[in-house]
Amino acid sequence: MVRYLSQQEAIDIDQELFNVYKYSVDQLMELAGLSCSIAIYKCYSKLKKILVCCGPGNNGGDGLVAARHLKLFGFEPSVYYPKRTEKPLYQNLTHQCLAMKIDFLNDIPDAKEMSNNYELIVDALFGFSFKPPVRPEFEKVMNVLGKSKVPICSIDIPSGWDVENGCPENGILPDMLISLTAPKKCAKFFNGRFHYLGGRFVPPDLERKYDLKINSEYSGTECCVQLK
C-alpha cells in the first residue's frame, strides 16, 4: 500500500532529489506538470475550457507546465497567475505559455463568471510547504474557488489545506487530486472522485529509504496512475 507522507518527509525527499540525485527544479517540474496534464486528460477529456490558477512557487510552476501540455492535448487553457516571480525558470515557463497563445487573466472571475466561462479549474496555488493562514493577496482567489460550482483539480495539495490534517473550515473541496512523488497525509481526507499519483521520478533507493511503495503502482510507460 502506498505510504502517505508528513510535511517534513515531503520536504526531505525533495531535498534529496535535488542534492543527492542531482535533479534540477525544471526537470522535476516538467515531469510533474506533464503527469498532471495526462491525468487530467484521462478524467476530463470531453471538457475544453480550463482555468489554471498558479501560485508563486514550485506548485505554480507545475501548473504552468500543465497548462502548456493541456494546450497540446486539445484543451483551451487560460492562466491566472497573480503573484509572478522574477526567477528565470518561471519567466521562461510564462513565455512558453504566451508563445502558445494561452491567455493570462488580470483578475480572477467571480463564481458566476467562472461557471459561465470554464468547465474545470486546476488549483496549482500552494504546495506541500504551505502553512496557514492564506496570505492576503490570495484570499480573493481562494474565496472564489470555495464558492465555485466548477469542478476543481488540485495539484499535490488542495490549496489552503493543512498538509497533514486536511481541509479547514470552508476550505475548497476538489473533484480531483493529483498527488506528486507520493501522497501527503492530507490526501486521506480527500473525498473527491479521482485521486491520481504522478511524478514518476523517484529512484528505487530513495523509494526504499522512505518505504514509499509507489513505483510498483505504475505499469508500463505510464507517468500517472489512479489510486482512487
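Glycine residues also receive a Cβ, built from the backbone N, Cα and C atoms like all the rest.
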### Query
D123, S159 bind K(+) in Swiss-Prot, but which of N58, N59, N215 does that record place at the same site?
N59
### Message
If I go by Swiss-Prot, which of D103, D107, D156 binds (6S)-NADPHX at the same site as N58, N59, G60, G61, D62, G127, F128, S129, F130, K131, P132, P133?
### Response
D156
### Task
Only counting partners 6 or more residues apart, tell me which same-chain residues put their Cβ under 8 Å from the Cβ of P132 ((6S)-NADPHX binding site).
G160, D162, P168
#### Entry: Mean per-residue pLDDT computed across the domain 'YjeF N-terminal' (10-214)
96
### Task
List the residues of the same chain that sit at least 6 positions away from G60 ((6S)-NADPHX binding site) in sequence and have their Cβ under 8 Å from its Cβ, in sequence order, or write 'none'.
C54, Y81, Y90, A124, L125
#### Entry: Max CA-CA distance, Å, over listed (6S)-NADPHX-binding residues N58, N59, G60, G61, D62, G127, F128, S129, F130, K131, P132, P133, D156
22
### Message
Given a separation of at least six residues and a C-beta threshold under 8 Å, show me what packs close to F130 ((6S)-NADPHX binding site) in the same chain.
### Response
I157, S159, G160, W161, V163
### Summary
Spacing of the two Cα atoms, D123 (K(+) binding site) and N58 ((6S)-NADPHX binding site), in whole angstrom, works out to 13
